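K.L.:
One structure, as structure tokens, below. Some questions next.
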Amino acid sequence: MRLVLLGPPGAGKGTQASILSDKLGVPHISTGDLFRANIGEGTSLGVEAKEYIDAGRLVPTEVTARMVEARLEESDAANGFLLDGFPRTVEQAEILEELLRKKGVALDGVLNFQVDEDVVVERMLARGREDDNEETIRTRLGVYRNETAPLIDHYGDEIINIDAVGEVDEVNGRAMSELEKLSK
Ligand code: ADP
């Protein structure tokens, strides 16, 4: 299965993606995790990305798209993937479409994890990641509203809404039952 996961920062996409990845047997490809791995290893991509991430801004699309393209070339992604954190803008969605078109494959759907802003702020502050302070959270929510939320219209009929408020297992159950419908 080839899926894109959408939702505001703090919606729990990453948590859901890793459970879904185990259940569906496809890799969880998280741009945030890939950036953090590069930062940890001190690669030049990591050094460049860190500045933007610490400020809560988007890493330039050119850099991000190159990283995603390389990851999608790896053999484990040949038969499916869960993309978490990419695309984050309509421009990135168009790049992804072109990449998949060249491979002769298509997305099966776009899971949109829905949660209110006050819940996401609470979750992010509880998580305590380095880029989770109130100021960057505010910036990231603004970026989400202006740049990422338009993807919901962009994907139109491909969107599968998932209520992301509740326990991890409960949210996963909702996602799995939507995905079962899809494969029928
Ligand atoms: P969250 O789920 O809290 O938004 P992520 O781990 O997905 O966190 O992303 C952390 C940061 O990595 C983002 O704030 C952004 O700076 C950068 N980033 C992740 N994905 C992208 C992307 N597709 N384009 C540009 N920047 C990205």
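Including glycine, each Cβ sits where the backbone N, Cα and C put it.
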K.L.:
Per TrEMBL, which one of ARG101, ARG129 shares the AMP site with THR31, ARG36, ARG57, LEU58, VAL59, GLY85, PHE86, PRO87, ARG88, GLN92, ARG140?
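P.N.:
Record check against TrEMBL: AMP site with THR31, ARG36, ARG57, LEU58, VAL59, GLY85, PHE86, PRO87, ARG88, GLN92, ARG140, extra candidate from ARG101, ARG129 is ARG129.
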K.L.:
Would you identify which residue of GLY80, GLY166, GLY173 TrEMBL lists as part of the ATP site it also attributes to GLY10, ALA11, GLY12, LYS13, GLY14, THR15, ARG127?
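P.N.:
Only hit among GLY80, GLY166, GLY173 in TrEMBL's ATP site, alongside GLY10, ALA11, GLY12, LYS13, GLY14, THR15, ARG127: GLY166.
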K.L.:
When you scan the chain for residues with a C-beta under 8 Å from the region 'NMP' (30-59), skipping those not six or more beyond its ends, what do you find?
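P.N.:
Long-range Cβ neighbours of the region 'NMP' (30-59): 14, 17, 67-68, 71, 84-86, 88-89, 130-131, 135-140, 143, 147.
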K.L.:
Out of the binding-site residues I have (VAL59, ARG127, GLY166), which ones have their Cβ sitting under 6 Å from ligand 1?
P.N.:
VAL59
K.L.:
Over the region 'NMP' (30-59), work out the mean pLDDT and round it to an integer.
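P.N.:
Looking only at the region 'NMP' (30-59), pLDDT averages out to 97.
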K.L.:
Express the distance between the Cα positions of ALA11 (ATP binding site) and ARG88 (AMP binding site) as a whole number of Å.
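P.N.:
Cα of ALA11 (ATP binding site) to Cα of ARG88 (AMP binding site) measures 14 Å after rounding.
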K.L.:
Measure from the Cα of THR31 (AMP binding site) to the Cα of every one of the binding-site residues GLY12, GLY14, GLY166, then give the nearest.
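P.N.:
Of the binding-site residues GLY12, GLY14, GLY166, GLY14 has its Cα closest to that of THR31 (AMP binding site).
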K.L.:
Across the listed AMP-binding residues, THR31, ARG36, ARG57, LEU58, VAL59, GLY85, PHE86, PRO87, ARG88, GLN92, ARG129, ARG140, what is the farthest Cα to Cα distance, given in whole Å?
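P.N.:
Binding-site diameter by Cα atoms for AMP: 25 Å.
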